[in-house]
Every structure is written in structure tokens, then in C-alpha cells.
Amino acid sequence: MVGDYCSFSGDKTDMHSQRNSKNGLSCKMVLQAVGKVLRKSKTKPNGKKPPAEEKKQYLETEFTKIRVVDFDLKELVVLPREIDLNEWLASNTTTFFNLINLQYSTISEFCTGDTCQAMTACNTIYYWYDERGKKTKCTAPQYVDFVMSLCQKLVTDEEIFPTKYGKEFPNSFESLVKKICRYLYHVLAHLYWAHFKETVALDLQGHLNTLYAHFIVFVREFNLVDPKETCIMDDLSEILCAPAPPPAPAPAPSSPTSTPAPSSQNHVTER
């Protein structure tokens, strides 16, 4: 009996020690797992460290102060009383398409499949959706080519952008203008994000700043682009779209030093 008890007691001791070792191992594994999760929570979901936020050169005062014009752009976009709204939208949209296409062409040799493997702006990647709604990730030059080809097709379509007197605009005209403006905004955002250094090297930052500010004021005036779309560049928009400060008053001309007039009194000469 004693032997049996001792044997059973010994088995219980062994089982207890095994459970303790298993519990210790389980606790260790849990702590390791928790630590791993905490470490991952400080990084991106894929476990990679997020890249350091790049300094936005285009926000520096020495660049934002450079403009081509110094008057209030709001005056350029307000609908004139005698002009039809659709005519005004068509005219401005076509102009912006041509100007943004021209601005991009100045740096197109630097925007290649190797340098710009995705169409990016800030931390956003733009995907192209074809006519069937198929989502495609493409390089920046491919994306811009898709944008400009689509815009060219739309603005030259007489059924959508009529140029003949009496021709009516289609019911879908406003939605198509919004589509064009959204795509053109993507190109402008990419120019600042990926090619501002080249723009500065070409001394074209004043043209880009003026074009961007004019475009933003226009789309805001007629609600053509969702603010959720443009919010990634709000910091730049607020700077460039703010009314230009009034010019400093010219210093008053200094009055010339007056020379005392000769005395009119008669001088008496002693003889």
C-alpha cells in the first residue's frame, strides 16, 4: 500500500512538474506572440517599417511665392452674366486640358516606367479603370497617356462638346466634365509629388503654381471635383489659393531740401 501510494504520489509529482513546464512554455509562447503583434502594430500591416515622410519641397515659401500672375484668380472663374453655364464649363475644361497636357510634356522625359512605376501622389496610388470597369495598375506615363487620350476624345467629340451654334449639350455633359477634371487633378498632383524638382530645374514652378491654383479655384467654384479627391494636396491648395497679399505701399518721396531765399531787404553801402 505504501509502495503503491509512493508510486502514485511520485506520478502526481511528475505530472505536476510536466504541467508546470507546459504552462511555462505556453506563457512564454503567448508573451512572444503578444510582443510580435505589438512590434507589428508599429509598422505597416505587412510588417515593413513605414517609410519616413518625405519633405514636401513644393510647400517651401521660396517656391510657393512664385506665380505668373498676382491678381485674384476668383475673378477669372466666375460665370459671366451673358455666358451659358455649359459653354463656360466647356471652354474652361478644354483650356485646362491643353495647359495641363503642355505642363506635363515639359517633364515627360523624366516620367518613365522605371522612375514612376505607379501613378502616385502623396501616399495615394491611382489605378486606371477601363470602360468595362476593370481596375488596372499601371505606370505613371501609361496612366497619363490614358488620361490625355480620354480627354482628347471627349473634348473633340462634337456630340459632347458642341462648337456649332444652336447645338445642345448632352444630359451627361456635367458628369463628363467632372470625370475629366478628376483625372486632370491626378496629373497635377503627380507633377508636384514626383516631378517638382525637375520643374524647378526648368524654372517652370511659377507656371505650375499658377495653373494649379487656377484649376483648384475653378473646380471649387462649380463643385467639379469631390473634396475627398483633392484633400491629399489641401496644404498646397490653401497656400496657393489664398488671396495674394496687397503690394507694399511705395515709400513717400522725400521732399527736397529747400534753399533759403535771399533776403529781399536793401543793403546799404557805406561810402
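For all residues, glycine too, the Cβ spot is worked out from N, Cα and C.
No curator has checked TrEMBL annotations; they are predicted automatically.
Annotated range for region 'Disordered' in TrEMBL, selecting from 40-68, 243-271: 243-271. The 10 Å shell around the Cβ of C116 (Zn(2+) binding site) contains 20 further Cβ atoms across the protein chains shown.
For C111 (Zn(2+) binding site), applying a Cβ distance below 8 Å and a minimum sequence separation of six or more within one chain yields Y104, A140, P141, V144, H190, A194, H195.
Residues I107, F110, T115, A140, P141, V144, L191, W193, A194 surround the recorded Zn(2+) site, their Cβ atoms falling within 8 Å of the Cβ centroid of C111, C116, H190, H195, which are themselves excluded.
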